[in-house]
Amino acid sequence: MALSQRCLLYLKVQLFIFNLIFWLGGCGALGVGVWLSLSQGRFSALSLSFPSLGIAGLFLAAGAVVMAVGFVGCLGASTEHRCLLLTFFVILAAIVLLELGGFVVFYACRDKFDRYAQDDLKSGLRRYGTPGDPALTQAWDTVQTEFRCCGVQNFTDWFEIQNATALPESCCLEHGTPCHSPTATWWKEPCYEKVKRWVGENIWAMGIFAACIGVVQVLGLISSMLMYCQVLQAEKYCE
């Protein structure tokens, strides 16, 4: 077997393995999205601006795209089709650039995103308990009960909504006791900071997963372009 043929075979196997890992990563992201939508879907009504655009939706969309790109890469590697290899390279390069751009924008504007999220959540408090928004009411009750918190930035956020006299029952340490009674006690910690702290404590797993996918993407870009050049060279040699 000639050196160029052995090199092409090596790249073919390597690219197929990378894309198989990439495709499995997409399956994992899709599974995480499904799990989040089933387990944390009750929180999706908290945001008025983007009620359906949550972490679960992002995982579902990312998983579907990664699976599709991984399939194209596996098909291109197994068939040695130049068009598929080039298509895979271009799509994967665009995804990597979008990921880097999104990370840079989010990091540079994280304070603005922070303030916007808090303002958006506070505007949702005004619709708490209204007949037209039972999902939002249930979402706030669930968050405040499970995280043992009250309000967005402070429990006093509710005073602006409840005529400065009462808090929702989910803010009370003991449910059934009206939160406007003199003996009532309620959670003092703000929900936004507590949920943000919880996300920060559990984000390491997501970071490891993202780093592994990033490494596979870079290796996939290198292998696909090398294989494309080898196939092109082999076709020119046969001619």
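Cβ atoms here come from the backbone N, Cα and C positions, even for glycine.
Because TrEMBL annotations are produced automatically, they should be read as predictions rather than curated entries.
For Cys150-Cys172, the entry in TrEMBL reads disulfide bond. The 10 Å shell around the Cβ of Cys150 (disulfide bond) contains 26 further Cβ atoms across the protein chains shown.
The transmembrane segment annotation in TrEMBL covers 15-38 (among others). Outside the transmembrane segment (15-38) by six or more residues, the chain places 54-71, 73-74, 76-78, 88, 209, 212-213, 216-217, 219-220, 223-224, 227 with a CB less than 8 A from a CB of the stretch.
The transmembrane segment feature in TrEMBL is assigned to 50-72 (among others).
Annotated transmembrane segment per TrEMBL: 84-108 (among others), in sequence order.
Same-chain residues lying 6 or more positions outside the transmembrane segment (203-228) and placing a CB less than 8 Å from one of its CB atoms are 8, 11-12, 14-15, 18-19, 21-22, 25, 28, 66, 73, 76-77, 80, 82, 85-86, 88-89, 92-93, 95-96, 99. As annotated by TrEMBL, transmembrane segment applies to 203-228 (among others).
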